[in-house]
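Below is one structure, written out as structure tokens; the observations come after it.
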Amino acid sequence: MIEIWSKYKRAILANCVPSSVEANRGVNYWRNSLFATTLIFILPLCFIALIPSLFLITFENKEYITLLHFITIGLMCFIAFVPSVKTATRKLIFSLTVYAFAITLNIFTSPSSGSVLVYFLAACVYSIIIFDNKYAYWWSHLVLFISIFFGFAIAFDLIDFSHNVDMSSVNEWIAVSSNLIFLCYLSSALIPKIFKGIENYISEQQQLKTELEASKKALQVKNEELEQYAYVASHDLQEPLRMVTSFMHKLSSNYGDQLDEKGKKYITFAENGAVRMKQIVLDLLDFSRVNRPSDELELVDLDALLLNYLELREGTIAAASAKINWTEMPTIWTIKPLITTVFHNLLDNGLKYRKKDTAPSIDISAREQNDYWEFAISDNGLGIESQFYDKIFKLFQRLHNSNEYEGTGVGLSIAKRSVEFMGGQIGLHSQVRVGSTFYFTIPKKINERQD
Ligand code: ADP
């Protein structure tokens, strides 16, 4: 039953709401939807209304009413189901049928015009709503024309209105119908105003959406260009840099004894500069690679990852008497090189930005939430003022100079990019001279992809 009802609905919607208006969801789309929904409900009602209609044939010999009823049902079925008819034509047939029904009621059956006038008003308001604003007055003109027609019919006795109390004199008819005409014209003036407002609002929103999409696309293109540029630049810089380093080395070993102290110092400066530049180039290369990892998702045992880190940094950890603590870490589906970079960069910073008089102590924890994992890495180091929380994640931004603490200002940018590439977020809480806690999340969605 539900299946039949939804098929029936879909058929009417497909006929009455053309896909061209469906795409932009403007006011016309809602007008057509309203019209289609009316048809969906009115058709069964037409069939139910056959019952009193058949009653009238049987007991009051009003066959013409039943005939009209069948004609109406036929028209409604035509409007609802015949394909390739324009929606405007369907609406026109519908509205005219409703007006015709009201006229018939007024002429033949209703003992008072009052109820029929309400019917006319409803038909007029409904037509104003489902048709374009520019036709709004047509429906009131039609009501005016019908009222005048009835006025003449009463005055010249063209039709037998003996059953209708309001139609006994022209004066009474004018008194009743003038109210109707006034209300219809009022509706013709007011309803389009509302639609105009909504239409303007929707087109503004659509304009904004289009502009937003265009600038998003432009930004994406620019970002890709920038990444490409960073990749090519850092890649191509490596070779000349290698030449500078090796010839500086040759210069100092072959001609070192011919240089005075100042000359030797200059060579050392140049060598140090080249080493630093090499680090920047390598970091930049890593940064540009984040958005194009060639690796697939895999199950990564974070316990093993951290143990591996301890092995790699054994010397640094021992030299600083550092402690790195964690309780059990999970195994998650993720991109191994990216998560490794994130942990390494955050832990390296925890070891690096320590207080001179205190051995570094770093705590690592993992918390499982509904949709994501949340990791925290807390150190007892220098701490960061809250005004720099955003700055430190930007490329080449540092709070310490490289004489004091070595670095290029790329590590946290890489960490942020990597976390965001995996769909997570990164942030921190910190207190100066107490320590910092860096948090990052890894959504489980990325994990489920392989489940
Ligand atoms: P780098 O360490 O190479 O300078 P990062 O991008 O990793 O680059 O860090 C940016 C800056 O943020 C650092 O220069 C440092 O001033 C600050 N910072 C990062 N981590 C910490 C930390 N754990 N404690 C204090 N300061 C930190």
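Just so you know, glycine gets a Cβ as well, placed from its N, Cα and C.
These figures come from a predicted structure and were not determined experimentally.
Per TrEMBL, transmembrane segment is recorded for 34-58 (among others). Proximity of distant same-chain residues to the transmembrane segment (34-58), defined by a Cβ-Cβ separation under 8 Å and at least 6 residues beyond the stretch ends, is recorded for 8-9, 12-13, 15-17, 65-66, 69, 72-73, 76-77, 79-80, 87, 90-91, 94, 126, 129-130.
Residues annotated as transmembrane segment in TrEMBL: 64-85 (among others). Long-range contacts of the transmembrane segment (64-85) within its own chain (CB-CB distance under 8 A, at least 6 residues past either end) are made by residues 11-12, 15-16, 39, 42-43, 46-47, 49-50, 53-54, 56-57, 93-94, 97, 101, 104, 108-109.
Sequence-distant contacts of the transmembrane segment (92-108), counting only residues of its own chain at least 6 positions beyond either end whose CB sits under 8 Å from a CB of the stretch, comprise 35, 38-39, 62, 64-65, 68, 72, 75-76, 78-79, 116, 119-120, 123, 126-127, 130-131, 139, 142, 146, 150, 159, 161, 164, 167. What TrEMBL lists as transmembrane segment is 92-108 (among others).
Under the heading transmembrane segment, TrEMBL lists 114-131 (among others).
Marked as transmembrane segment by TrEMBL: 138-161 (among others). Counting same-chain residues at least six beyond the ends of the transmembrane segment (138-161), those with a Cβ under 8 angstroms from any Cβ of the stretch are 95, 99, 103, 106-107, 120, 123-124, 127-128, 131, 167-170, 173-174, 177, 180-181, 184-185, 187-188.
Within its own chain, the transmembrane segment (173-191) has Cβ neighbours under 8 Å at 113-114, 117, 120-121, 124-125, 128-129, 136-137, 139-140, 143-144, 147, 150-151, 154, 166-167, counting only residues six or more beyond its boundaries. Sequence annotations record features per position, and here TrEMBL assigns transmembrane segment to 173-191 (among others).
The annotation coiled coil is assigned in TrEMBL to 198-229.
Summarising the annotation, TrEMBL assigns domain 'Histidine kinase' to 232-446. The average pLDDT for the domain 'Histidine kinase' (232-446) in the predicted structure is 91.
Sequence-distant contacts of the transmembrane segment (114-131), counting only residues of its own chain at least 6 positions beyond either end whose CB sits under 8 Å from a CB of the stretch, comprise 31-32, 34-35, 38, 88, 91, 95, 98-99, 101-102, 105-106, 138-140, 142-143, 146, 166, 176-177, 179-180, 183-184, 187-188, 191-192.
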